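The block underneath contains the structure these notes are about, expressed in structure tokens.
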Amino acid sequence: FPQKKLRVCVATCNRADYSKLAPIMFGIKSHPDDFELEVVVLGSHLIDDYGNTFRMIEQDDFDIGSKLHTIVRGEDEAAMVESVGLALVKLPDVLQRLHPDILVVHGDRFDALALATAAALMNIRILHVEGGEVSGTIDDSIRHAISKLAHYHACCTRMAEQHLIAMCEDHARILLAGCPSYDKLLLTHQRGDYLDIIKSWLGDNVQEGNYIVALQHPVTTDIQHSIKIYGLMLDALLSFDKKTLILFPNIDAGSKEMVRVMRRKGIEQHPNFRAVKHIPFEQFIQLVCHAGCMIGNSSCGVREAGAFGTPVINLGTRQTGRETGENVLHVRDADSHNKIFHALELQFGKRYPCSKIYGDGNAVPRILKFLQSIDLDEPLQKTFCFPPVKDSISQDIDHILETQSALAIDLGGTNLRVAIICMKGSVVKKYVQPNPRTFEDRMSLILRMCRDAMKDAVCLNCRILGVGVSTGGRVNPQAGVVLHSTNLIQEWSSVDLRTPISDALHLPVWVDNDGNCAALAERKFGHGKGVENFVTVITGTGIGGGIIHHNELVHGSTFCAAELGHIVVSLEGPECSCGGHGCIEAYSSGMALQREAKKLHDEDLLKVEGVDMKLSEPITAAHLISAARMGNSKADAILNKAATALGAGIINILHIVNPTLVILSGVLASFYQAPVQRIISERALFSTKGTKVVTSDLEEPALLGAASMVLDYTTRRIY
């Protein structure tokens, strides 16, 4: 038998909720074999003063099954209550006729409360989008009331998910999806015609980044204060003297008075202002993306604007409870023209890192998968999960992209590697390409490989939280800049890695050098887990490493700490690649051993009597180790000197930072472990003789360390 289509009714009340619901509606419509879509339009969509915005739904080619005139005019508290009552009178007929399997409602509007109340009483399953959030107004009470009536939840942030769980909602019925509008927003914000859009709304003389978008709504619990703030905002914008696109407030109580204030100040006739009732969402996104600043108290300022790094000034208390990126400056007590004007001076024209707190562009596929997983035969009656509430990690619910993961990049001298790495340290998928020689080619390849990995991540059930980069050279991790490169990577000095990667992928980015990354990998996934003080020493082509002291990585005042390969163990030693003499790297690195092996080979001293050694070119450190094991005394002497130099250098480290543990990593680690342990026991001060030396078990320390920066710090707001 063919599977029954899921009959989904989407109800939209105004322009704001349609911008969140439209991507879901398009998604449902694009799967006609799985879903049957019904659209109900009510609320301010049908009011001329608010732009008759139901027309944009028709322009999007959706069949509107029912139009319900539910708004009682008056724009005061009583009118809002009467509007809820009118909707409750009209909705039962429509819901009975449509008989949906599930009703999708959005957000925190009074119209949505009427929808949820009617559906719950008529035993229709409800999916509530954007529940669990906190904004700091009466909207919170309405939003949480809808959540209590809803059977299923598609929320936008991890904190919202935690709130829903704390409100006793069943974790199995909560989907952490991200905001649906981000799906469209992250795809469309880089449209090439954005200048045409700016000019069509603001005039031909307006340049990108040189205008303001203003959108202020009434706070219904304090209407008089809302009107006062609105007047002060308009005064500040008049004084600031920049082109401003101002949208009319929504239909809540107090909006009529706010429009009167606007007209009293002559805003609609002022040459600097363009006052509009409605802008199509795709165009509005372009305008916000390229604005010099956004001001007001719209949720768009704290949500969508963060994805572009657009500076935002949030006035009053309407959004103060919401999670925000660092692009938002709050003026909670906006009681003077000067405060708002000063905020405009601080924010206008700035650019911030892109924030993806509210979504990653894949919300709709998750919601569709979630809808398909709903069992219509299970009991309709909600069950509440009362405290105690366990800490929620959404990692084993099939319909959530549950595996929190990082994108890790390792820039080596030979290869460029990108990997998807999950919270447990497993490499889900790895991509390897030869490292290009020029900066432009290298950056282009990094972005291409990352985009490929992000596409694969969706199919692999991985949620990418950020990007970690491990690179050779000296790095300023606070700025995400490579200061000086190693000789192995050309055109790689004074390079800002964070900005281009973050701008292209809309993800936070962390950068550190490969030695430090190896130490971070051990701290999170290896022998350093739970150890407060330890040192990682990489013994490979060169010698490097990282120091963990009191659980934190030591960077030093100029980010030059833990250059362990350049600890000097002899004043007259061999020349090092750094230009000095007698560094550990000049004795013990793979390059140093290869140099000594070539010398012996050139003098025909790498052979062993009675043993037929096939010395195929090129000669490497492996030939030297092999010859020593077969009894070549000269090879053995070189290796003893190399191990002694490394041991002496590590003893210096023990006497300076006194770690509990030394972890050797890299291709030569297993060879050096025993002799270094012996040298420490013979030569170190008594208090450090017992320091244990172990060999790393991690196969990919650089990639794992890069991933650990993301997985440990993605909840922080400052990069």
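Just so it is clear, glycine is given a Cβ too, placed from its N, Cα and C backbone atoms.
All annotation found in TrEMBL is predicted automatically rather than curated by experts.
The annotation domain 'UDP-N-acetylglucosamine 2-epimerase' is assigned in TrEMBL to 33-371. Note on the domain 'UDP-N-acetylglucosamine 2-epimerase' (33-371): mean pLDDT across this stretch is 89.
A sphere of 10 angstroms centred on the C-beta of E563 (N-acyl-D-mannosamine binding site) encloses 18 other C-beta atoms. TrEMBL lists R474, T486, D514, E563, H566, E585 with the feature N-acyl-D-mannosamine binding site.
The active site feature in TrEMBL is assigned to D514.
Cβ-based neighbour count (10 Å, all protein chains) for C578 (Zn(2+) binding site) stands at 14. Here TrEMBL flags H566, C576, C578, C583 as Zn(2+) binding site.
A Cα-Cα distance of 17 Å separates D514 (N-acyl-D-mannosamine binding site) from C578 (Zn(2+) binding site). Counting every protein chain shown, the Cβ of E585 (N-acyl-D-mannosamine binding site) has 28 other Cβ atoms within 10 Å. Within 10 Å (C-alpha to C-alpha) of C583 (Zn(2+) binding site) lie the following binding-site residues from R474, T486, H566: H566.
Other Cβ atoms within 10 Å of the Cβ of H566 (N-acyl-D-mannosamine binding site) number 20 in total over all chains.
Of the recorded residues, C576 (Zn(2+) binding site) and E585 (N-acyl-D-mannosamine binding site) place their C-alpha atoms 7 Å from one another. T486 (N-acyl-D-mannosamine binding site) and C578 (Zn(2+) binding site) have their C-alpha atoms 9 Å apart, to the nearest angstrom.
In this structure, the CA atom of C578 (Zn(2+) binding site) is 8 Å away from the CA atom of H566 (N-acyl-D-mannosamine binding site).
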